[in-house]
Amino acid sequence: MTPTSLVREGAKSDRAVWCTECEELVSISDITLDWFNFLLIAQLLPIQEQALPADPSVAALRAPDEASRERAPAARPASGRGHRPKGSTTPRAKSICLTSGCLIPSMRDGRCPDHQARKSWNRTSARNTSRPRDWSKRRSRTLARDRFTCQRCGSRKELEVDHIVPVARGGSWEEDNLWVLCKRCHKRKTYSEGRP
């Protein structure tokens, strides 16, 4: 029985294989599935080997002959774990912009200069344009002034700087309108105010 003569047939039983040479069902107990798979794979391999020389693109991928091996310089052993010989570099793969349809080479964040993601420090959102440039300094000074404690409950965890009079209701960004609240007290204050 050759491997090509084995064909799975589910007509009579799921536990049998049709043998085209014998023209009969052979039970799986006679041939295990692993052996059946081995026979199929074993037959496919020589077919692929015969196809290699005919296809020039595949033939180029085959191992070089002995003459070319003799001409090739011997590979040097690595100088150490994680080290490369001096002067060698690994070229970075070229990539294109992540924006759909754009074929311009990308920058560090994966987008071309035209499609660069806007950074928060560019102050382009409505929230960032109304916030003063020195907000982080004002926030730090307010935290230090209030001794890093919530001005309502005295907690020192999850602190936030809040506006006493909300900016939406005419409050300013000045330090005299800022105070420190813990996250819980800040939520309570915000919800009790009923944001517009």
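Each Cβ is built from the backbone N, Cα and C atoms, and glycine gets one as well.
Here TrEMBL flags 62-93 (among others) as region 'Disordered'.
Feature annotation from TrEMBL assigns compositional bias 'Basic and acidic residues' to 63-73 (among others).
The region 'Disordered' feature in TrEMBL is assigned to 114-141 (among others).
Long-range contacts of the compositional bias 'Basic and acidic residues' (131-141) within its own chain (CB-CB distance under 8 A, at least 6 residues past either end) are made by residues 123, 161, 173, 175, 178. The annotation compositional bias 'Basic and acidic residues' is assigned in TrEMBL to 131-141 (among others).
Here TrEMBL flags 137-187 as domain 'HNH nuclease'.
As a summary of secondary structure, the compositional bias 'Basic and acidic residues' (131-141) carries 7 helix, 0 strand, 4 coil according to DSSP.
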